[in-house]
Amino acid sequence: MPVTCDVVVLLSGTGSNLQALIDDAQNADNPVRIRAVISNRADAYGLQRARDAGIDTRTLDHKAFEGREAFDAALIELIDAFQPKLVVLAGFMRILSADFVRHYQGRLLNIHPSLLPKYKGLHTHQRALEAGDTEHGCSVHFVTEELDGGPLVVQAVIPVELHDSPQSLAQRVHTCEHQIYPMAVRWFAEGRLSLGEQGALLDGQLLATSGHLIRN
């Protein structure tokens with residue numbers, strides 16, 4: 001058995017990326033062990049996915065706190081009770097404070113539905129179509145204090161088809177997300193992925209600014 005890597009996942013919604021992580025962690029040679037799933041929404045379906053897999057769940061309602069810093073301080077306390085080596089953002093719809101990001105520097109990953117640095121924020125598929133882009137995709141990156149910034153780990157690239165709508169593009173990008181997020185999390189768990197002073201390192205080598213590219 002490989003040495004396990006304890007992971008805590010944060011989410012706010014359906015948890016499809018969580019499901020991809022759960023499924024991948026079933027492989028006997030995968031060191032990822034999801035210790036807990038935490039949501040700021042009690043009705044997030046991702047919590048049910050976690051319970052179905054026998055994973056601890058917690059809810060921390062951001063509306064119960066005076067502000068972002070107070071919520072993040074409570075969230076840190078909740079996460080650290082599980083002593084994770086890695087924290088994974090899987091559709092966690094909260095902007096995190098600088099203190100939170102610094103606390104987990106080098107062990108906090110996010111996935112974003114665009115080829116960063118293009119289209120930070122929301123409505124990425126609509127924006128890619130409006131710009132006439134011929135390629136689109138998704139990105140896994142280390143989290144820094146810059147929103148949807150931070151060194152890129154891996155990107156999946158797909159062609160934009162003539163008939164694509166935001167919905168059809170989103171569906172194909174989601175498939176790519178479920179491919180690359182478990183891959184990146186596993187790299188970290190295996191000790192292959194780390195954050196260096198100049199960017200993301202894979203097997204000790206500095207990755208390109210675009211991260212590891214996968215074309216589908």
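Cβ from N, Cα, C; glycine included.
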Of ARG58, ARG68, which does TrEMBL put in the (6R)-10-formyltetrahydrofolate site with MET93, ARG94, ILE95, LEU96, ASN110? ARG68
One should report the C-alpha separation between ASN17 (N(1)-(5-phospho-beta-D-ribosyl)glycinamide binding site) and ASN110 ((6R)-10-formyltetrahydrofolate binding site), rounded to whole angstrom, as 11
Whole-number Å distance between the CA of GLY15 (N(1)-(5-phospho-beta-D-ribosyl)glycinamide binding site) and the CA of LEU96 ((6R)-10-formyltetrahydrofolate binding site)? 19
Reported as an integer number of Å, what is the Cα distance between SER16 (N(1)-(5-phospho-beta-D-ribosyl)glycinamide binding site) and LEU96 ((6R)-10-formyltetrahydrofolate binding site)? 21
